[in-house]
Amino acid sequence: MAPSTLTALAQEKTLNSKFVRDEDERPKIAYNKFSDEIPVISLAGIDDDSVDKRSQICRKIVEACEDWGIFQVVDHGIDIDLISEMTRLARQFFALPAEEKLRFDMTGGKKGGFIVSSHLQGEAVQDWREIVTYFSYPIQARDYSRWPDKPEGWRSITEMYSDELMALACKLLEVLSEAMGLEKEGLTKACVDMDQKVIVNYYPKCPQPNLTLGLKRHTDPGTITLLLQDQVGGLQATRDGGKTWITVQPVEGAFVVNLGDHGHYLSNGRFKNADHQAVVNSNSSRMSIATFQNPAPNATVYPLKIREGEKAVMEEPITFAEMYKRKMSRDIEMATLKKLAKEKVLQDQEVEKAKLQMTPKSADEIFA
């Protein structure tokens, strides 16, 4: 049976138990307590003939990738009208009646469409979000029957948007290729036939946002991700294993750029894979549009260049399909172990409770 949407659950006073996370996974800072630690980099002049201007921009990008694996770009050349239209139509889709959205339900392994929430196999707790997924590259593999046909015009706008974002991603990969001492197309070529999917995230208002996450902590498996977010706030990043978190300051018209595991491995660990999550709030719904650029399944994953004195961060070359499979297996195993540990604690508590109830009473208690 197709799931209901989060709209009804968002109206309740308490959070449904399937979204309640363990204390160690709950938000540590507020969705709107913004930090300016993530650099905002202007790309104005990156294509100019001025070597100095380009080198300055490239240096800032490289430093951000070495420091956080995440940064924001402005003056990126993407038409502001296209961005506005993509955002407007996405909001209209999520405002549709549940039955309209669920016509594109992608549960059961369907390639693209709408889905309510998300969680790993073996994990009980779900993320507080609704999603539309477009598999947009390779172009010849697009299945337009899985692309929502409402609101009118969204399909064609998404096509234009995905093309523009692919071009921007490749431009940023050129910068990182040069920084690694490779030819401009080094990282792009390593992806073979680059894959892309566009995921539109909708995070409804939440009755108890301190108990859940819109999207649990993770790193992206692919090469590079470009995220367009609204001004509400909720994207958070960490670089110390989750001990401390910052909320990324939303910047109007900017794209948040973060590197994934594939980009991390190709750079031999020089560039960080951004460790991030999304939190929700009880005041405003939030929307973001993430565009993931990934290598082809058969692309080789291994450092493209190993600097003198360094060791490879991988034992052997593997395909991206195998890398992704191992990542998912590890995540599922960790989720399963955590679930079993939680169940064991509850069982132990029940046993202790039963023992206390069976403890013989003293004579004073019996004759009281």
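Cβ from N, Cα, C; glycine included.
The following features are taken from Swiss-Prot:
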{"type": "BINDING", "residues": "His218, Asp220, His276", "note": "Fe cation binding site"}
{"type": "BINDING", "residues": "Arg286", "note": "2-oxoglutarate binding site"}
{"type": "DOMAIN", "residues": "191-295", "note": "domain 'Fe2OG dioxygenase'"}
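Where Swiss-Prot records a feature, it is marked here on the structure.
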| residue | record | Cβ contacts under 8 Å, 6 or more apart |
| --- | --- | --- |
| His218 | Fe cation binding site | Asp275, His276, Gln277, Asp331 |
| Asp220 | Fe cation binding site | Asn258, Leu259, Gly260, Asp261, Asn273, Ala274, Phe292 |
| Arg286 | 2-oxoglutarate binding site | Tyr31, Tyr202, Tyr203, Gly214, Gln229, Asp230, Val232, Gly233, Gly234, Ala278, Val280 |
DSSP three-state assignment for the residue listed as '2-oxoglutarate binding site':
strand
Per-residue pLDDT averaged over the domain 'Fe2OG dioxygenase' (191-295), given as an integer:
97
Please count the residues of the domain 'Fe2OG dioxygenase' (191-295) that DSSP assigns to helix (H, G, I), strand (E, B) and coil.
9 helix, 44 strand, 52 coil
How many neighbouring Cβ atoms, not counting its own, are there within 10 Å of the Cβ of His276 (Fe cation binding site)?
24
Residues sitting within 8 A of the centre of the His218, Asp220, His276 CB atoms (Fe cation site), not counting those, run Leu215, Arg217, Thr219, Thr225, Asn258, Gly260, Asn273, Ala274, Asp275, Gln277
